[in-house]
Amino acid sequence: MVYVKKGAWSPEEDQKLIDYIMKYGIWNWSHMPKFAGLSRTRKSCRLQWINYLKPELKKGPFSIEEVEIVIRMYQSFGNRWSAIAKELC
């Protein structure tokens, strides 16, 4: 039986994923946990990268300009957040 860790990621796990992706790139999420030395699912690795570790992610408070853009889009789209998110990307 294969052990799959659940719950919060440790800083060591984050670093393993970062190191692996920086060295080899993103090529196959299905095999990545094994080769990166992680006891996580492919989905968990992918979500951790996309939502927390990806270098392009902006962290911190929104700028005034960003808040104004979201307000204008909310006025146009209402609470259709997936449509707003699509426009922002």
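Just so you know, the numbers here start at 1 and follow the chain as drawn.
Backbone N, Cα and C define each Cβ position, glycine as well.
TrEMBL does not curate its annotations; it predicts them automatically.
Annotation source TrEMBL lists domain 'HTH myb-type' at 1-57, 58-89. Per TrEMBL, domain 'Myb-like' is recorded for 5-53, 54-89.
Per DSSP, the secondary structure of the domain 'Myb-like' (5-53) breaks down as 31 helix, 0 strand, 18 coil.
With DSSP classes pooled into helix, strand and coil, the tally for the domain 'HTH myb-type' (58-89) is 22 helix, 0 strand, 10 coil.
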